[in-house]
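For reference, the structure is listed below as structure tokens.
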Ligand code: GDP
């Protein structure tokens, strides 16, 4: 790092607009990584302060205090206590917001006591007038011994002030707000004597938190200074009370609130949105709207992508010299990339909706609303976030279960999340639904959209049902409490939503995309090479048919014969007896098997298989080729029974190695992912079997 880079830690309570401030400071210069050993996202960004100075900004997870309750919160305290950490900040920027200043300042006073240069950002200044809030900033700066930037990240006001304060961080006072010994004089005097060179408040945090620093003293601390858990808790409470006394006294003279201005629009809205009946109806309505739009809106770009890639593939085939490389390009790589790109509209729309719901403050109401129901199934209201994020991808969803404090509730949430319909299933559903469900409308809703919604709901109910069973089966005792904050309703900020959509889509393309492309290439190879029969296909067909065939029929026969005798055809044939009862032929078998690496491979695989063994025109889309496919008796392969059976199989089977890997990581054992794999796939097989046998 160059000498002109200032290291900045961005800290704050959840919902104060920390992400918005981070986005304003860093724009697109952001990077998302991981803290070593744990799965908490580590967001960093570079901010240009002036011509020669840069700031490296670390966006730390939102936390209410330094009394850590979760892994996320631990990250904050571990960084701030560890001077040797490469990211140890030169300056801490604590973000707060005008409406909840009192609560937000608790964290500020704690950070200040670590004697790191700390500056205070008070966000959402645009709401002051409406809420009748006035602040005496110079007096507040004096009382808190800091510099303050009063800003509105929404209106882009005051961001330069933050930069200026960061630039001049050396002039910030390092003085503490609270004299730590006042928590318990006698105890702290002893501590001071034993460790004259250590900061008292730091020692206090090391004693009360389970953090791994100051290792040298750890033993000594444990021998001489530990107190019973209840005693420590009492002292922590005393600390909190002292801090609030200080904050109250300070705000009394620096803040004026005109109570008459406090509109009750917010609470009226809450009454409706968290209402016992309407609350659920509205939530259900919103979900319906979301799924309808995902299906309707993304079909246009998706059709366009599908046709473009088929055209491009045909174009390369016609215009490049024929040979292995051209085959690889037009039958392997191009359809493979197409299979990734085609997801982008749906993923982007889904994240657009999720982040709008989060940004507007509505998601917290949903969490609150759902808690009552979720509890009965051994889940927490907070499980709704993983369950909803699971509609995008189980991987980030399972990671987001970290917010659930209770281990049993968290484990159950992790185990059931893969049932939720993820975006990788969406293209599978989309293509199958469009093959077997007519394009009609029912009460104004598209029948295809309703089928999609039914699949989502079914997955949700199976997930909840499994949670209920797991709750009865798992013998784990954990105490549980539930805190959810109701941030005020706000119009979502475009920049936040856009960056979130961009980040999630990028993560999908670079993460899952690589696997899909690799598998497409492997599949192309397996599909275009094979046994001796494969190589001699032309001769064999010629010998078989004594009567001369038309050129087109001859080519079709050769292609079909080649596919059957390729490596992939042989693999598909091997498993055919197992999947036949489900209504699948060997071609579908290949797609199902390769989907165990990742579901989204299904469409790509069929695309590759149907390109390799194409019997129709080059430019036909994959969907057209699938719709035309018939078995030896002339019946459609993708008929209603097979389609439903496949939909159900994909709804329930655990076909995603990445999810298994993340579950292993989050539960720290192979036991749970293995149980998931066996149980979910077994269940999928049985359900698909019953469906096909009843419907055929
Ligand atoms: P975080 O949880 O602290 O990262 O907060 P976010 O950045 O996600 O913001 C929480 C909510 O506050 C979102 O709905 C933002 O649109 C909103 N918000 C952020 N900054 C401002 C601001 O300056 N003024 C107003 N009125 N709303 C803001």
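From the backbone N, Cα and C atoms, a Cβ is placed for every residue, glycine too.
Annotation source TrEMBL lists domain 'FeoB-type G' at 5-172. Note on the domain 'FeoB-type G' (5-172): mean pLDDT across this stretch is 89.
Summarising the annotation, TrEMBL assigns transmembrane segment to 277-295 (among others). Through the fold, the transmembrane segment (277-295) approaches residues 346, 349-350, 353, 357, 365-366, 369, 426, 430, 445-446, 448-449, 452-453, 456 of its own chain, all at least 6 residues removed from its boundaries and within a Cβ separation under 8 Å.
The annotation transmembrane segment is assigned in TrEMBL to 333-357 (among others).
Only residues 6 or more beyond the boundaries of the transmembrane segment (377-399), in the same chain, are considered here, and those with a CB under 8 A from a CB of the stretch are 39, 41, 347, 350-351, 354, 363, 366-371, 406, 408-409, 412-414, 416-418, 420-424, 456, 460, 463-464, 467-468, 470-472, 474, 480, 482, 484, 504, 507-508, 511-512, 656, 658-659, 662-663, 666. Residues or ranges marked as transmembrane segment by TrEMBL: 377-399 (among others).
Annotated transmembrane segment per TrEMBL: 411-437 (among others), in sequence order.
Same-chain neighbours of the transmembrane segment (449-470): 287-288, 291-292, 295-296, 376-379, 387, 391, 412-413, 415-417, 419-421, 429-430, 433, 437, 442, 647, 651-652, counting only residues six or more beyond its ends whose CB sits under 8 Å from a CB of the stretch. TrEMBL lists 449-470 (among others) with the feature transmembrane segment.
The transmembrane segment annotation in TrEMBL covers 507-526 (among others).
Feature annotation from TrEMBL assigns transmembrane segment to 637-662 (among others).
What TrEMBL records for 674-692 (among others) is transmembrane segment.
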